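A quick write-up on the structure given underneath.
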Amino acid sequence: MEKTPSYFVTREAPARISAMSKDTKLIVVVRDPVTRAISDYTQTLSKRPDIPTFESLTFKNRSTGLIDTSWSAIQIGIYAKHLEHWLRHFPIGQMLFVSGERLISDPAGELGRVQDFLGLKRIITDKHFYFNKTKGFPCLKKAEGSSKPHCLGKTKGRTHPEIDREVVQRLREFYRPFNLKFYQMTGHDFGWDG
């Protein structure tokens, strides 16, 4: 088992993993690419408060609305492009796409899908979670081998900066065709275009 957020977007990763084991099952957690980009920016901002605004980084030319796809925060959310590289090495049936939104709203349900995909008995249920209002995330009631609850670390659940509504709308328009292609490729509508 291996976990990293960078594999899905690293061009060389599919061939390397396939060479290691063609039978590998892949689990990819995805979330609304607009929210993901804002979250990415928020994390960078926490480390480097002097960076330019989200709005200025989003566009090559704001007056024309041209999105800067060279900015990694934008590029990562073009999931269909990344998935094309993976499909050259793995069949779609060896991949499970987990909804980041459903991991928050229904963690047991989404983890049930993961357990089924891996051929595991469903042992994780709603009784294992509680919702932490401060974090805005579900937490494990009791971490394995501990008597204390376990929540995501302090780098998760940060408040996002207020982003200009027009910028968010322009990003939704930008991502829409890529999202629709991703839904078609995975056979799953993640509902990001509502």
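Every residue, even glycine, has its Cβ placed from backbone N, Cα and C.
Some features that TrEMBL has for this protein:
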| type | residues | note |
| --- | --- | --- |
| DOMAIN | 17-176 | domain 'Sulfotransferase' |
| BINDING | Arg31, Ser39, Lys156, Gly157, Arg158, Thr159, His160 | 3'-phosphoadenylyl sulfate binding site |
| DISULFID | Cys139-Cys151 | disulfide bond |
How many Å lie between the Cα of Ser39 (3'-phosphoadenylyl sulfate binding site) and the Cα of Cys151 (disulfide bond)?
18
Which chain-mates of Lys156 (3'-phosphoadenylyl sulfate binding site) that are at least 6 residues away have a CB under 8 A from its CB, listed by sequence?
Lys135, Phe137
What Cα-Cα separation, expressed in whole Å, is found between Cys139 (disulfide bond) and Arg158 (3'-phosphoadenylyl sulfate binding site)?
15
Residues with Cβ closer than 8 Å to the Cβ of Arg31 (3'-phosphoadenylyl sulfate binding site), same chain and 6+ apart in sequence?
Ser39, Ser99, Gly100, Glu101
Are there any residues at least 6 positions away along the chain from Thr159 (3'-phosphoadenylyl sulfate binding site) with a Cβ closer than 8 Å to its Cβ? List them or say none.
Thr42
Whole-number Å distance between the CA of His160 (3'-phosphoadenylyl sulfate binding site) and the CA of Cys151 (disulfide bond)?
19
Inter-residue C-alpha distance, Cys151 (disulfide bond) and Arg158 (3'-phosphoadenylyl sulfate binding site) (nearest angstrom):
13
At a 10 Å cut-off from the C-beta of Cys139 (disulfide bond), count the other C-beta atoms across all protein chains.
18
